[in-house]
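*Asks:* Got a structure here, written out as structure tokens. Questions coming.
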Amino acid sequence: MLIFPLINDTSRKIIHIDMDAFFAAVEERDNPALKGKPVVIGKDPRETGGRGVVSTCNYEARKYGIHSAMSSKEAYERCPKAIFISGNYEKYRTVGDQIRRIFKRYTDLVEPMSIDEAYLDVTDNKLGIKSAVKIAKLIQHDIWKEVGLTCSAGVSYNKFLAKLASDFEKPHGLTLVLKEDALCFLAKLPIEKFHGVGKKSVEKLHDMGIYTGQDLLAVPEMTLIDHFGRFGFDLYRKARGISNSPVKSDRIRKSIGSERTYAKLLYQETDIKAEISKNAKRVAALLQDHKKLGKTIVLKVRYADFTTLTKRVTLPELTRNAAQIEQVAGDIFDSLSENPAGIRLLGVTMTNLEDKVADISLNL
């Protein structure tokens, strides 16, 4: 007996676009001498005493087992000839904006998931093109021609399958999953490839003898619910290719923030305040991009011993003014008890967000 009703809308046309090794690809585009060489976006451990982590890397570096969140030291040990680049996040954001403008030519139903990936609902698109595959190919062509980068695309009738499809053939691939092929497509996938199934859930599923989509499909609904609660029903639906989550062009954001981890610890107040200023300006720019205002400013400080402090101040009025955000974040820092340990991370976040209701100038 089904505990929750199964409703499977297969009429939609959803595309998931995922840029290929985005940060590294931008660096290769701007410096062709990097092509064919292992490129790592992160601090060079030879310059930082082994500190720092990998933000991302290109496909050449991935051949050595390098991946995001790996320590820069380990990345260097795996591939001493790797080229380390600190990264230019303002440049990446500008390129990301350029790519999103391309998406908007085809549909306004664009849901960015990060700077380098997005869902598009092209069921009713601006150009009246019936084939979602054709639109995906046009987008790939436009991005290559105008931005000089490649992307992978997944096409299906829901977001879950479209994302799995975009991961199936990288880089610069295009995979279509039709409703009649969905069960076969899912059956062959390792369960850890299922989007939304975290590491702990994977371990639990493995303990139950579930390793593939085919294994998951054979498990009764009540068994999954007994082991995972409501998430068990989600797993039951995923195994059957069912997901009716809409593409939300205006995703509700609860906060907008900017934080940075430092390979070299910060001790001097002038350096600390300068980094707070950079984060504040980044937050103000993001608020501008998303047409949001905020009331509560949060400062996050992590020290060398990994002690982490967060403190917030709620303003009387909404703002997205960079100077005001910087001032308040700086005042919050001044109010913290002195800690002789150096600072390894600083973050500034704005919460209590509302849509822009007035033309408030952005002072950078």
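Placed from the backbone N, Cα and C atoms, the Cβ positions cover glycine too.
These figures come from a predicted structure and were not determined experimentally.
According to Swiss-Prot, the protein carries these features:
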ACT_SITE  Glu117  active site
BINDING   Asp18, Asp116  Mg(2+) binding site
DOMAIN    14-198  domain 'UmuC'
SITE      Phe23  site 'Substrate discrimination'
*Asks:* For the domain 'UmuC' (14-198), what's the model's average pLDDT?
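*Replies:* Per the prediction, mean pLDDT sits at 94 for the domain 'UmuC' (14-198).
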*Asks:* Provide the number of Cβ atoms within 10 Å of the Cβ of Glu117 (active site), excluding the reference atom itself.
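*Replies:* Excluding its own Cβ, Glu117 (active site) sees 19 Cβ atoms within 10 Å.
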*Asks:* Does DSSP put the residue listed as 'active site' in a helix, in a strand, or in coil?
*Replies:* strand
*Asks:* Note down the number of other Cβ atoms within 10 Å of the Cβ of Phe23 (site 'Substrate discrimination'), including every protein chain shown.
*Replies:* 26
*Asks:* Measure from the CA atom of Phe23 (site 'Substrate discrimination') to the CA atom of Asp116 (Mg(2+) binding site) and give the result in Å, rounded to a whole number.
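*Replies:* With the alpha carbons as reference points, the distance is 9 Å.
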